[in-house]
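What Swiss-Prot annotates here:
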TOPO_DOM  1-21  topological domain 'Cytoplasmic'
TRANSMEM  22-42  transmembrane segment
TOPO_DOM  43-55  topological domain 'Periplasmic'
TRANSMEM  56-76  transmembrane segment
TOPO_DOM  77-83  topological domain 'Cytoplasmic'
TRANSMEM  84-104  transmembrane segment
TOPO_DOM  105-109  topological domain 'Periplasmic'
TRANSMEM  110-130  transmembrane segment
TOPO_DOM  131-156  topological domain 'Cytoplasmic'
TRANSMEM  157-177  transmembrane segment
TRANSMEM  179-199  transmembrane segment
TOPO_DOM  200-218  topological domain 'Cytoplasmic'
TRANSMEM  219-239  transmembrane segment
TOPO_DOM  240-256  topological domain 'Periplasmic'
TRANSMEM  257-277  transmembrane segment
TOPO_DOM  278-287  topological domain 'Cytoplasmic'
TRANSMEM  288-307  transmembrane segment
TOPO_DOM  308-313  topological domain 'Periplasmic'
TRANSMEM  314-336  transmembrane segment
TOPO_DOM  337-356  topological domain 'Cytoplasmic'
TRANSMEM  357-377  transmembrane segment
TRANSMEM  379-399  transmembrane segment
TOPO_DOM  400-416  topological domain 'Cytoplasmic'
Amino acid sequence: MNKQSWLLNLSLLKTHPAFRAVFLARFISIVSLGLLGVAVPVQIQMMTHSTWQVGLSVTLTGGAMFVGLMVGGVLADRYERKKVILLARGTCGIGFIGLCLNALLPEPSLLAIYLLGLWDGFFASLGVTALLAATPALVGRENLMQAGAITMLTVRLGSVISPMIGGLLLATGGVAWNYGLAAAGTFITLLPLLSLPALPPPPQPREHPLKSLLAGFRFLLASPLVGGIALLGGLLTMASAVRVLYPALADNWQMSAAQIGFLYAAIPLGAAIGALTSGKLAHSVRPGLLMLLSTLGAFLAISLFGLMPMWILGVVCLALFGWLSAVSSLLQYTMLQTQTPEAMLGRINGLWTAQNVTGDAIGAALLGGLGAMMTPVASASASGFGLLIIGVLLLLVLVELRRFRQTPPQVTASDS
């Protein structure tokens with residue numbers, strides 16, 4: 001009898017050509033967006049010498065992403081999903097070309113950067129929602145956990161590589177190179193995506209887009225299972241906003257500039273380990289309970305993080321948070337895809353991703369407010385323990401999620 005390994009199985013990339021194409025396109029896209037993420041704040045800072053102006057660009061892009069996720073969810077449930085993905089990627093690339101041309105001007109326009117940031121934020125998130133909605137059809141619902149873990153690794157790897165490349169390009173060629181290569185990378189992603197099969201949405205009655213979006217909201221609120229998953233995801237994202245306290249906590253621990261980097265690397269490293277060791281997660285009989293417990297553990301790790309007497313112990317707490325949050329996120333992703341009707345996948349994925357974006361912004365704002373009234377240590381601990389208390393209450397209240405059981409997929413020779 002074959003025994004399921006703890007390690008992530010990458011065989012999905014070999015057996016499912018469509019998922020392999022998405023994997024390749026996603027990795028190139030993450031690297032391209034990383035080049036953009038380095039260039040935009042640097043260019044605005046050089047032009048204005050104002051951190052407020054840099055923050056404004058991030059806020060505007062985030063707002064456009066939120067709207068794009070909402071619109072993308074409706075479009076993904078009404079139109080052929082492959083066309084939505086290709087349209088979003090191509091249109092996003094046009095925005096990158098605009099940023100490149102603007103950077104080459106003798107006096108680049110700040111307004112153009114803001115407007116193109118809105119453009120790219122909207123269309124980038126539009127494609128994300130359609131791709132999420134199409135994933136079950138590409139890999140089969142029984143392989144969603146494996147696909148989610150591979151995707152998480154892709155995101156983490158790309159997020160590490162792209163800032164390094166972006167920094168080197170800034171040092172050697174300036175921001176125009178970053179924008180130009182980001183545009184080239186985005187158009188290159190169209191090549192593997194063109195090989196995807198047609199991804200039509202399920203047949204459903206035509207209705208006004210706002211009414212369609214409201215139907216998604218109603219489903220989310222009416223379903224204790226799916227609604228509970230989305231709520232946990234938002235709270236977990238709020239906890240990850242603890243990174244806004246890193247500089248202040250680094251002063252408290254008397255860390256050097258080089259050591260501060262370990263704080264920023266700890267959560268992604270823990271999450272990567274969580275994805276790599278997720279081989280048995282799909283075989284959990286009670287994924288809802290495991291999701292709740294891993295989320296509680298993540299909140300506890302954040303609660304203890306700021307209380308550590310040495311920075312290295314704080315890094316361990318952050319890595320533990322990254323690992324537990326990866327476990328919870330993979331379970332959230334898989335259960336959301338399997339428990340949502342096919343006709344609702346676009347809207348529910350859009351709402352789930354949007355609440356993750358919103359949760360991060362709310363968490364950062366709350367921690368900033370606490371930081372004005374408390375010490376950094378007290379702020380980190382108070383936020384963590386507050387979320388832990390809410391998590392315990394949800395463990396008691398979300399009865400359907402806690403008691404949810406599933407039949408584990410059969411282990412085959414190729415899975416072991």
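Positions of Cβ are set from backbone N, Cα and C atoms, glycine also.
Against the transmembrane segment (314-336), stretch 219-239 has more CB pairs under 8 A than any other of 22-42, 219-239, 357-377, 379-399.
Cβ atoms under 8 Å from those of the topological domain 'Cytoplasmic' (77-83) belong to residues 130-131, 133-134, 193, 196-201, 204, 206, 209, 212, 343-347 of the same chain, restricted to positions at least 6 beyond its ends. For the transmembrane segment (110-130), the residues of the chain that approach it from at least six positions outside its boundaries are 33, 36, 40, 43-44, 47-48, 53, 56-57, 60-69, 71-73, 75-76, 81, 84-85, 87-89, 91-92, 95-96, 98-99, 102, 346, 349-350, 353, judged by C-beta separation under 8 angstroms. Summarising model confidence by region, the topological domain 'Cytoplasmic' (337-356) averages a pLDDT of 85. Helix first, then strand, then coil: DSSP counts for the topological domain 'Periplasmic' (105-109) stand at 0 helix, 0 strand, 5 coil. Same-chain residues lying 6 or more positions outside the transmembrane segment (179-199) and placing a CB less than 8 Å from one of its CB atoms are 17-18, 20-22, 24-26, 28-29, 31-33, 35-36, 39, 80-82, 85-86, 89-90, 92-93, 96-97, 99-100, 103, 134, 137-138, 169. Under DSSP, the residues of the topological domain 'Cytoplasmic' (278-287) split into helix, strand and coil as follows: 4 helix, 0 strand, 6 coil. With respect to Cβ pairs under 8 Å, the transmembrane segment (257-277) is most closely packed against 157-177, considering the stretches 56-76, 84-104, 157-177, 379-399.
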